[in-house]
Every structure is written in C-alpha cells, then in structure tokens.
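Participant: Structure incoming, see below.
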Amino acid sequence: MSHNSIHWFRKGLRLHDNPALLAALKDCRHIYPLFLLDPWYPNNTHIGINRWRFLIEALKDLDSSLKKLNSRLFVVSGPPAEVLPKLFEKWKITRLTFEVDTEPYSQSRDKEVMKLAEENGVEVIPKISHTLYNIDRIIEENNGKPPMTYVRFLSVVNAIGSPKKPVPAPTKEDMKGVSTPFFEDHEEEFRIPTLEDLGLDTSFLGPNLFPGGEQEALRRLDEHMERTTWVCKFEKPQTSPNSIIPSTTVLSPYIRFGCLSARTFWWRLADVYRGKQHSEPPVSLHGQLLWREFFYTTAVGIPNFNRMEGNRHCVQVDWDNNPEHLAAWREARTGFPFIDAIMTQLCQEGWIHHLARHAVACFLTRGDLWISWEEGQKVFEELLLDADWSLNAGNWQWLSASAFFHQFFRVYSPIAFRKKTDKYGDYIKKYLPVLKKFPVEYIYEPWKAPRSIQERAGCVVGKDYPRPIVEHEVVHKKNIQRMKAAYAKRSPEGKDDKTTTKGIKRKAPSIMDMFEKKAKR
Ligand code: FAD
C-alpha cells in the first residue's frame with residue numbers, strides 16, 4: 001500500500017537521526033512535513049522573544065533542507081486535536097509519524113491525537129530519538145522506579161548497553177516515488193510566521209549569538225569535535241561560568257529543539273575518544289549527556305516533577321512570598337554584581353553557563369532570598385534558549401536542595417564564588433557597564449568602596465547601582481536553619497532519595513563531591 005504520510009515535527013527539528021521521518025517515507029506516495037503552532041504549548045508558560053527567534057530560524061532551516069529534497073514544511077496554527085483531524089481528511093492521510101516526547105503535556109496531547117488518528121483510520125508511528133535511551137526501559141530495569149542517584153543511573157544504563165546509533169538523514173534516493181503536494185500559494189497558507197506575525201516586539205531582541213537550525217547545530221558540533229584535546233580533557237568543574245567566550249559547548253539550545261540529536265552528539269564524542277585517554281562521567285561530555293538522560297528519567301518517573309506540592313521526592317519548604325525580591329533577582333537589581341551580571345546575560349543572550357545557573361539558583365532559593373525554586377524555574381522557562389521542562393525542573397530541585405542534592409549547608413557566596421576565574425571582573429564589567437570604572441578590589445562588592453572612589457568611578461551605590469538587597473552573611477545562616485527544619489519534617493519517601501533501590505543502601509555521592517574530588521587531582 002502507498003501511504004499519504006504526515007511527519008509531525010515538534011521537537012526533533014532536523015533531518016539527521018530522525019527515525020520517525022524515515023518511517024513516514026517508507027511505502028509512501030505523498031509526504032506532508034508539518035509543524036503546528038500549538039497555542040497550548042508549552043503549557044501555561046511564557047516564551048521569551050529570543051527563544052521564538054531561535055524556533056523560527058530552526059523552522060526556516062528545516063524548510064530549506066526539505067526544499068533540497070523537493071519537499072516543503074507546512075506550518076499550521078491551532079490545537080493539534082482540532083487541526084490534525086481536518087488535515088487527515090483534507091490530505092487523505094493514512095499514516096502519522098512523530099518523535100516521542102516524554103513531557104506530561106506532550107504525553108496527554110499525543111494520547112488524544114492517537115485516539116483521533118485511530119478514529120480516522122490513520123496508522124500512528126511514534127519513534128524514540130529525543131533521548132539516548134528509551135526512558136521507560138531505564139525505569140523498568142530499575143524495578144519500575146527512576147534511579148534517584150547518578151551512580152545508580154549509570155549502573156542501570158551500563159547494563160542496558162550503549163545508546164543506539166543515529167540513523168542517516170533521508171536522501172534524494174529515499175524520496176524516489178515520494179512527493180510533497182505543495183502549490184504556488186504555499187507561502188500564503190503554510191508559511192513560517194515572522195516575529196511580527198506573532199505580535200512580538202522585536203525591540204526586546206538580544207544579540208543573535210546562537211542562531212537556530214540543524215545546519216548551524218551540525219556546524220557547531222563539527223567545530224567542537226575538531227578540538228580533540230579539549231573534548232578528551234573536558235571536565236565540567238574546570239570550565240568557567242564567567243569567561244566572556246562560553247567555556248562549554250552551548251549545544252543545549254540545539255539539543256533542546258532537536259536541531260541536534262543527542263545520539264549523534266554521543267557517537268561523535270565516542271569517535272573522538274576512541275584510542276585516546278579521556279575524561280569520564282560525571283564530568284566528561286558523555287557525562288553531561290547522561291545528566292540530561294538522568295533528569296529525563298526522573299521527570300518521567302516522578303509525578304508532579306515540576307512542582308513542590310504533590311512531588312513526593314521534593315522536600316516541602318515554607319518558601320517566602322516576596323515579589324519585590326523576586327523582581328529584583330529577575331531584573332538584575334540585587335546589588336550583587338556577580339548575580340546581576342548573570343541575570344543580565346540570561347535576559348539579553350538566553351544562555352548562561354551551568355555554574356552561573358548554580359549561583360543564581362542558589363541565591364534565589366536556599367542561599368539568600370528564600371524564594372521557591374518554582375519561581376526561578378518559571379523565569380528560566382521564559383528566558384533560556386534551552387529551556388527544557390525536565391532539565392529545568394530537575395536542576396532547580398537540585399540547586400535548591402529540594403531533591404537529589406541534600407548538602408543544604410553548602411551555600412555559594414554571591415561575592416567570593418567566582419573571583420578566582422575572573423579576578424578583574426571583566427565578566428561583570430561587560431554585562432554591568434555601570435560598574436566598568438570600578439577598581440578591581442571593589443568590583444564584586446561595590447558598596448564597600450569609599451564614597452570618593454564610587455564618585456570617581458561614576459557610579460554611586462544606592463543611586464546608580466543598587467545596594468545589596470540582603471546581607472548574605474546574615475541571611476544564609478538563617479536559611480540553613482530553616483532548611484534544617486524542613487529536612488527534619490521530611491517524609492520517609494523523601495529520605496529514601498539518598499539511597500538506591502533494589503535494597504542496596506549506598507550513600508549518594510553529590511555532584512559537588514565529585515567535582516571537588518576531580519578538582520583536587
Ligand atoms: P555542556 O557542558 O557542553 O554539555 C553538553 C550537553 O549536556 C548540554 O547541552 C545539555 O544537553 C547536557 N547537560 C549538561 N549539563 C546538564 C545538566 N546539569 N543537566 C542536564 N543536562 C545537562 N539545561 C537545559 O538544557 N535546559 C534547561 O532548562 C536547564 N535548566 C537548568 C536550570 C538550573 C537551575 C541549572 C543549574 C541547570 C540547568 N540546565 C538546563 C543544565 C545545564 O546548565 C545546561 O544544560 C548547560 O549549561 C548547557 O550548556 P552547554 O550546552 O554548553 O553544556
């Protein structure tokens with residue numbers, strides 16, 4: 001039978017390693033590559049303009065690659081459950097393919113769509129390619145529970161074996177006998193919207209440092225893989241959060257939208273590592289991809305993963321409701337230059353280093369402001385180019401010591417934390433130009449500078465730059481006590497987080513321990 005197939009692009013905005021797209025092309029007469037602008041996704045959250053730009057660029061790139069195969073991308077607006085049945089009928093569709101998406105919103109959407117497809121006599125083929133492994137299989141292998149420590153997680157995936165190899169992109173050969181029926185008015189009906197079409201104010205756009213799209217993702221991957229020594233020696237704690245040029249790959253936005261397949265990245269790393277000495281998980285680049293997989297697994301296995309309430313692995317904390325402090329944090333007005341520089345970079349550029357995320361997340365939650373990690377998660381969801389439901393929720397729980405990481409008495413200092421990687425405060429001066437004339441000794445603590453120095457630097461604290469909104473030395477000690485009280489009330493299930501399942505009790509090594517152990521070598 002010759003099929004009329006829709007391949008529904010959601011994440012997975014690429015041609016390489018796209019098994020669902022290949023499945024759509026099998027025994028196919030007409031292929032309709034489709035992207036839906038779904039008004040409900042991502043559920044109740046706001047997407048910042050920099051991420052919209054990334055998405056639009058990724059769609060344009062996809063359309064241009066499809067054109068090379070004599071095909072086109074069809075962009076349609078509307079809720080999938082309304083739009084798809086109409087398209088099934090209009091295009092006489094017999095097969096629908098897509099990449100599996102494990103987020104709760106996507107799962108319920110896909111369940112509904114699969115039911116509608118069945119009612120319309122449409123065969124559905126979902127394929128796994130967003131993650132390295134089948135996440136359900138990892139949970140199954142761990143006795144039906146998500147592994148709660150990285151060490152346990154590693155032992156489960158090691159038992160499963162290496163991730164599958166990526167599949168090649170479709171070629172003109174694969175497209176023989178397959179056509180996409182598009183017409184001259186394609187641009188009118190199915191075109192990719194502009195930012196203006198979406199009603200967005202482009203004056204808020206930041207510099208376009210990370211253009212979206214598969215071609216850009218593969219180019220960046222190639223560039224990194226050529227740096228074989230850097231790849232082999234890569235250890236996350238040794239990278240700097242405040243270098244002016246990113247010290248890690250910044251492939252995260254590309255992986256998040258699926259412009260780059262995690263499996264392609266994995267196997268390219270394996271090629272570089274072959275026959276050479278190289279770093280190992282958790283600190284290596286393979287290790288980073290496994291962190292991603294770890295949080296995907298916990299996100300699937302733990303109900304209400306992006307919330308404190310109803311999330312039985314999350315410590316229940318009496319966070320404060322303080323809109324003024326939350327706004328000061330979000331708008332880079334805390335009076336702590338390191339924190340404000342990071343939040344400025346996030347807002348303008350949409351990407352910040354992992355340890356910079358550590359610093360601002362710890363500051364917002366258990367470190368200084370005692371504001372819920374869910375509030376921080378929302379701000380990251382809006383501003384990060386790589387905002388990812390599972391990774392954002394998992395890492396916020398980690399940093400707020402609500403789950404996975406329990407050494408709440410170890411608090412980052414917003415002053416001293418990164419002095420050693422940026423002694424002269426160049427990072428701060430770049431993102432907070434108001435402080436650029438400040439002498440080096442005061443750049444992390446401008447409020448300590450004598451008034452005459454402040455005046456000479458053209459920046460008086462309290463007038464041109466805010467005073468610190470809290471006294472770190474006082475609040476962080478108080479917060480440790482509050483955290484101690486929250487931990488004392490923990491449920492037995494939460495306490496189990498520190499141990500592994502299968503009855504073997506092991507102390508969970510914290511990432512800080514692992515980092516520090518490596519750093520001491
Ligand atoms: P590299 O160091 O080059 O790592 C390569 C890839 O590994 C990354 O692209 C990413 O896909 C994965 N990875 C690396 N670190 C982690 C990690 N800790 N957890 C999961 N995957 C990881 N990452 C996101 O992609 N989306 C998010 O929404 C997100 N929210 C975060 C929130 C907080 C509070 C924190 C502390 C971290 C968050 N991270 C998130 C994880 C991490 O900071 C980023 O993945 C990383 O900094 C991206 O930069 P990179 O591509 O240069 O990473």
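Placed from the backbone N, Cα and C atoms, the Cβ positions cover glycine too.
Automatic, uncurated: that is what TrEMBL annotation is.
Note that this is a predicted model, so its numbers are computed, not measured.
Pulled these features from TrEMBL for this protein:
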- 248-252, 288-295, 386-388: FAD binding site (BINDING)
- 3-132: domain 'Photolyase/cryptochrome alpha/beta' (DOMAIN)
- W319: site 'Electron transfer via tryptophanyl radical' (SITE)
- W373: site 'Electron transfer via tryptophanyl radical' (SITE)
- W396: site 'Electron transfer via tryptophanyl radical' (SITE)
Participant: Determine how many residues of the domain 'Photolyase/cryptochrome alpha/beta' (3-132) DSSP places in helix, in strand and in coil.
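Facilitator: Summed over the domain 'Photolyase/cryptochrome alpha/beta' (3-132), the classes give 54 helix, 31 strand, 45 coil.
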Participant: Once the chains shown are all counted, how many other Cβ atoms turn up within 10 Å of the Cβ of W291 (FAD binding site)?
Facilitator: 20
Participant: Using a Cβ cut-off of under 6 Å to any atom of ligand 1, determine which of the recorded positions E293, W319, W373 qualify.
Facilitator: none
Participant: Out of L289, W373, A387, point to the one nearest W319 (site 'Electron transfer via tryptophanyl radical') in space (Cα versus Cα); all of them are recorded positions in the record.
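Facilitator: When the Cα distances are compared, W373 comes out closest.
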Participant: Find the average pLDDT over the domain 'Photolyase/cryptochrome alpha/beta' (3-132) in the predicted model and report it.
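Facilitator: Summing pLDDT over the domain 'Photolyase/cryptochrome alpha/beta' (3-132) and dividing by its length gives 94.
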Participant: If you draw a 10 Å sphere on the Cβ of W319 (site 'Electron transfer via tryptophanyl radical'), how many other Cβ atoms land inside?
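Facilitator: Excluding its own Cβ, W319 (site 'Electron transfer via tryptophanyl radical') sees 21 Cβ atoms within 10 Å.
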Participant: Using only C-alpha positions, which one of V250, L289, W291, E293, F295 is spatially nearest W373 (site 'Electron transfer via tryptophanyl radical')? These are the binding-site residues in the record.
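Facilitator: So, spelling it out, the nearest of the binding-site residues is F295.
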Participant: Can you check which residue among the recorded positions F295, W373, W396 has the largest number of Cβ atoms within 10 Å of its own?
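Facilitator: For the recorded positions F295, W373, W396, the Cβ with the most other Cβ atoms within 10 Å is W373.
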Participant: Helix, strand or coil at W373 (site 'Electron transfer via tryptophanyl radical'), per DSSP?
Facilitator: helix
Participant: Using a 10 Å cut-off, grab the number of neighbouring Cβ atoms around the Cβ of S252 (FAD binding site), all chains included.
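Facilitator: Other Cβ atoms found within 10 Å: 21.
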Participant: Judged by the number of other CB atoms within 10 angstroms, which among V250, L289, A387 is the least packed of the binding-site residues?
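Facilitator: Candidates: the binding-site residues V250, L289, A387. Fewest Cβ atoms within 10 Å: V250.
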Participant: Measuring Cα to Cα, how far is W396 (site 'Electron transfer via tryptophanyl radical') from W291 (FAD binding site) in Å?
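Facilitator: Just about 14 Å between their Cα atoms.
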